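Student: For 20-39, 51-75, 87-106, the entry in TrEMBL reads transmembrane segment. TrEMBL lists 266-295 with the feature region 'Disordered'. Annotated compositional bias 'Low complexity' per TrEMBL: 266-276, in sequence order. Marked as compositional bias 'Basic and acidic residues' by TrEMBL: 277-286.
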């Protein structure tokens, strides 16, 4: 901690943790969230056929974490919708992404350099939401560590956890896409972040809250920007998770599976291809079988 004091990082972290999210960072969060909604198959068609359903899906993408966390903590699920400025801002972003003439707004925010900046800003908001969720649960349940972890986890990845419900609004039902079955990197990172912030709230982690927010934001933003730039859907936790699951639960090592698949694919590719039979040969075989049956 003395090194941090010398570098004045403590004051920087303190300023960063108190920096206002509205409107700049929240706008970035809404843009990236609704941008991902537009990437969903059939989302554009739904926006033309039923704008109301499309708008509801966009609101879930933007505020789903608040809705789910409020339900868990016994608060009205529509409580967050009294923030008129946030609703109007998210609605304006939804309209521009889906209905802007010539798709100009969509083309601008989907341009990779711009998108990378917006993605980094979204992760700033995500970290704040995780920290706020843990802090909120800590006030309601002082020693409920599990509740604190779950609330922070939901605040950080609520929209992903509600994906099946959001799909129903678009007339799609894909239970195999359940986020609990196939957790993405942001969902896993939200869980690990919620654990860290819970430990910090319980004074079991020797680091200040502002410093933890700064460090976790830096990790999330840099990782997500790197993954977005490479169009990667993997997770940097895969190696550690694979070994831990193998050690604790006897799960097969994902590395070995990938290694076997990597070597089996070239083997299959290098195998000589059998020449395909022509129609005449097939008809000849069929004729011989029929003649044998007749005999």
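Cβ coordinates come from backbone N, Cα and C, glycine included.
I'd like these features described in context: how deep, what's nearby, how far apart.
Tutor: Below 8 angstroms of C-beta separation, residues 23, 26-27, 30-31, 34-35, 38, 44, 47, 54-55, 58-59, 62-63, 81 of the same chain, each at least six residues beyond the ends of the transmembrane segment (87-106), sit close to that stretch.
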Student: Is the transmembrane segment (20-39) packed against any residues at least 6 beyond its ends, judged by a Cβ distance under 8 Å, and which are they?
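Tutor: For the transmembrane segment (20-39), the far contacts come to 57-58, 61-62, 85-86, 89-90, 93-94, 97-98, 106, 109-110, 115, 117-119, 121-122, 124-126, 128, 159.
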